[in-house]
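Student: Take a look at the following structure, please.
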Amino acid sequence: MEEGFRDRAAFIRGAKDIAKEVKKHAAKKVVKGLDRVQDEYSRRSYSRFEEEDDDDDFPAPADGYYRGEGAQDEEEGGASSDATEGHDEDDEIYEGEYQGIPRAESGGKGERMADGAPLAGVRGGLSDGEGPPGGRGEAQRRKDREELAQQYETILRECGHGRFQWTLYFVLGLALMADGVEVFVVGFVLPSAEKDMCLSDSNKGMLGLIVYLGMMVGAFLWGGLADRLGRRQCLLISLSVNSVFAFFSSFVQGYGTFLFCRLLSGVGIGGSIPIVFSYFSEFLAQEKRGEHLSWLCMFWMIGGVYAAAMAWAIIPHYGWSFQMGSAYQFHSWRVFVLVCAFPSVFAIGALTTQPESPRFFLENGKHDEAWMVLKQVHDTNMRAKGHPERVFSVTHIKTIHQEDELIEIQSDTGTWYQRWGVRALSLGGQVWGNFLSCFSPEYRRITLMMMGVWFTMSFSYYGLTVWFPDMIRHLQAVDYAARTKVFPGERVEHVTFNFTLENQIHRGGQYFNDKFIGLRLKSVSFEDSLFEECYFEDVTSSNTFFRNCTFINTVFYNTDLFEYKFVNSRLVNSTFLHNKEGCPLDVTGTGEGAYMVYFVSFLGTLAVLPGNIVSALLMDKIGRLRMLAGSSVLSCVSCFFLSFGNSESAMIALLCLFGGVSIASWNALDVLTVELYPSDKRTTAFGFLNALCKLAAVLGISIFTSFVGITKAAPILFASAALALGSSLALKLPETRGQVLQ
């Protein structure tokens, strides 16, 4: 009996030993998997347990981990003392051995951060497990943020400026280029799309408006989310939304679906400007920030030039189209819409190779991720400069104390979409709270003044840049009307018309037994005329009307002479057979006017190149405020030259002049917006101000274009007053040149 009891006790003790050994090895393998980090940025591998044996079959090397006598006793006796119970001697590491990514909480007494600030067992400036009670939390976060700003600037200087920043520059430039393309797409396709989709004037106006509406919503939405979810992630999502719906819009046939796709395409691209500038600024040291953010602005100009060049090269080529029956038509303007999605697609592919902003990681307490990205920046630049041996010396980086914003979701909280709804509401509340913090007493004055500057700048710039082409078209129409030929009181009998009539007025004419076969009528008007025993076949017309005319025994076969083209006219015993299918509205289609739109836009966007270069070279020398105010004053002065624009060439020259001097103020405003707000509010504030910019653009376009053909005084007065007000407000803002990024 006793022998059986001893056997059972030995069996139980052996089972416990086996279980303990399995548990120990399982824990070690988990830790080993976590600590064996592949540094994807420097391509170096590190492992805490590189030389540790996983199995007793492979003895540890002579220089392996220290194993004390307690461990030998445990192996020999199968027991452990109270002093060593729960302690895994295999995890002891020699001093100086790599122990994974440096972490802020791993610093011991006497250790210091990169900027020299002491760090003793803290993370984000707070002791583990301790948080500042009550109102001390925000004060501590503010103090942490100030220390982080100084240290982050020091780290960026150590990382240097080189290949990494230039690579990111071109990647983000593609995203900014996509925004520049989006602004011009609808305006370029309207002359062609209006006939395919049979667009009335109100529909065309809504199509132009919907793009700005989508960009306004997208700027606010993605700007707010980028401060919570990350710059890179939100930019990838927003560009994906833009490219997907831009692709769909090139194939859809109906006006409603096309409008919907362009709306969502605008929502997607709306996040480009606020995220791109914030993202890039967080990789730039103070002495490089103003200049290189200004260089980045050039890609918006490149986007406009790309759109104008592609429209010029693609849309007039009718051979690039096909159709399947009468229901589906794919014309060349749809190819243009598809090509305009390429910058966004390429930006997505390139952005997947780039890391998240390390400043965003640090603001959200992710020390290890930030350290890895900064190490990548350092190693990339040092290798490019021929110094691969230089080691990234930073070991500890300040992080911001994180407030607990998590919500508890019970496991029985309905279905999965209800749980996602709760998370979405929580995220929305955080975004809204962050937006409201931009109006806190600390930032209220800056935000209100920036709203004024953004609104006035956008109101005048977009209003004038759209007013210029409209004025050019008006001058063309006036010149065209001045060359109209008038034929009064003509009498024509037994004549066949099979040629083109253009820009003519026929008054009091009489037409007997005449045939109009294969005739094209363009801007032709028949007034007080009589048509008797006439025959119209295969007639195509645009801007053609019959006013106060009489038709007797006349046949219309396969024509597009719809009812609205007969104004106060009588049709006696007349017949319409097999009218042409398609849009019954009178549209002009593509032609010389469309070419002029492409040409004017091409020159207008290309003209900002000198202003971009000058602003980039002087931004860090004269300061943001002087650049902004000076450019606004020059733009205001250039407005007064509009009174001399009495010809097409003069208006084109004035458009180029205004664009060239005003671009510097936009560059300065972008840099100023980035530097005035802290990292946790940067894209939120930028997105809100950019959304306000799009609202001002809609108002400016609506007001300025309403005066086309009426007066030039009102646009000159409105633009000058807005620019003067904006420059005066800008001078009251704080100068950010020479300051570290908050």
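Any Cβ shown, glycine's included, is placed from N, Cα and C.
Got these off Swiss-Prot a minute ago, pasting:
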REGION    1-57  region 'Interaction with SYT1'
TOPO_DOM  1-169  topological domain 'Cytoplasmic'
REGION    40-145  region 'Disordered'
MOD_RES   Thr84  phosphothreonine
COMPBIAS  122-137  compositional bias 'Gly residues'
TRANSMEM  170-190  transmembrane segment
TOPO_DOM  191-205  topological domain 'Extracellular'
TRANSMEM  206-226  transmembrane segment
TOPO_DOM  227-233  topological domain 'Cytoplasmic'
TRANSMEM  234-254  transmembrane segment
TOPO_DOM  255-262  topological domain 'Extracellular'
TRANSMEM  263-283  transmembrane segment
TOPO_DOM  284-294  topological domain 'Cytoplasmic'
TRANSMEM  295-315  transmembrane segment
TOPO_DOM  316-334  topological domain 'Extracellular'
TRANSMEM  335-355  transmembrane segment
TOPO_DOM  356-447  topological domain 'Cytoplasmic'
TRANSMEM  448-468  transmembrane segment
TOPO_DOM  469-598  topological domain 'Extracellular'
CARBOHYD  Asn498  N-linked glycosylation site
CARBOHYD  Asn548  N-linked glycosylation site
CARBOHYD  Asn573  N-linked glycosylation site
TRANSMEM  599-619  transmembrane segment
TOPO_DOM  620-626  topological domain 'Cytoplasmic'
TRANSMEM  627-647  transmembrane segment
TOPO_DOM  648-651  topological domain 'Extracellular'
TRANSMEM  652-672  transmembrane segment
TOPO_DOM  673-685  topological domain 'Cytoplasmic'
TRANSMEM  686-708  transmembrane segment
TOPO_DOM  709-712  topological domain 'Extracellular'
TRANSMEM  713-731  transmembrane segment
TOPO_DOM  732-742  topological domain 'Cytoplasmic'
Student: I'd like to know which of these glycosylation sites, Asn548, Asn573, is least surrounded, judged by other CB atoms within 10 A.
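Tutor: Candidates: the glycosylation sites Asn548, Asn573. Fewest Cβ atoms within 10 Å: Asn573.
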Student: Between 0 and 100, where does the mean pLDDT of the topological domain 'Extracellular' (191-205) sit?
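Tutor: Averaged over the topological domain 'Extracellular' (191-205), per-residue pLDDT gives 78.
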Student: If you count every Cβ pair below 8 Å, which range out of 170-190, 263-283, 448-468, 599-619, 713-731 shares the most with the transmembrane segment (627-647)?
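Tutor: Stretch with the highest Cβ contact count: 713-731.
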Student: Return only the integer: C-alpha distance in Å from Asn498 (N-linked glycosylation site) to Asn573 (N-linked glycosylation site).
Tutor: 24
Student: Under a criterion of three or more Cβ pairs within a distance under 8 Å and sequence separation of at least 6, are the transmembrane segment (448-468) and the transmembrane segment (686-708) in contact?
Tutor: yes
Student: Would you confirm whether the transmembrane segment (263-283) and the transmembrane segment (206-226) meet the contact rule of 3 or more C-beta pairs below 8 angstroms, pairs 6 or more apart in sequence?
Tutor: yes
Student: Tell me the residue counts in helix, strand and coil for the topological domain 'Cytoplasmic' (620-626), as DSSP assigns them.
Tutor: 6 helix, 0 strand, 1 coil
Student: Determine, to the nearest whole angstrom, how far the Cα atom of Asn573 (N-linked glycosylation site) is from the Cα atom of Asn548 (N-linked glycosylation site).
Tutor: 17
Student: For the transmembrane segment (234-254), I need the partner stretch with the highest count of C-beta pairs below 8 angstroms, choosing only from 335-355, 599-619, 686-708, 713-731.
Tutor: 335-355
Student: Rank 295-315, 335-355, 599-619, 686-708, 713-731 by Cβ pairs under 8 Å to the transmembrane segment (652-672) and hand me the top one.
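Tutor: Top-ranked stretch among 295-315, 335-355, 599-619, 686-708, 713-731: 599-619.
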Student: Helix, strand or coil: which one is Asn498 (N-linked glycosylation site) in, per DSSP?
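Tutor: Coil, per DSSP.
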Student: Taking pairs 6 or more apart in sequence, does the count of Cβ pairs under 8 Å between the transmembrane segment (170-190) and the transmembrane segment (295-315) hit 3 or more?
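Tutor: Yes, since the transmembrane segment (170-190) and the transmembrane segment (295-315) share at least 3 Cβ pairs closer than 8 Å, they count as touching.
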Student: Count the Cβ pairs between the transmembrane segment (206-226) and the transmembrane segment (686-708) that lie under 8 angstroms and are 6 or more residues apart in sequence, then report whether there are at least 3.
Tutor: yes
Student: Should anything in the same chain at least six residues away from the transmembrane segment (295-315) have a Cβ under 8 Å from its Cβ atoms, list it; otherwise answer none.
Tutor: 169, 172-174, 176-185, 188-189, 192, 276-277, 280, 332-333, 335-336, 339-340, 343, 590, 594-595, 598-599, 601-602, 604-606, 608-609, 612, 615-616, 663, 666-667, 670
Student: Which residues of the same chain, at least 6 past either end of the topological domain 'Cytoplasmic' (673-685), have a Cβ under 8 Å from a Cβ in it?
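Tutor: For the topological domain 'Cytoplasmic' (673-685), the sequence-distant neighbours (Cβ-Cβ under 8 Å, at least 6 residues beyond its ends) are 145, 222-224, 226-227, 231, 234, 274-275, 277-278, 281-282, 289, 293, 359-360, 363, 400, 431, 434-435, 437-438, 443, 446-447, 450, 624, 733-734, 736, 739, 741-742.
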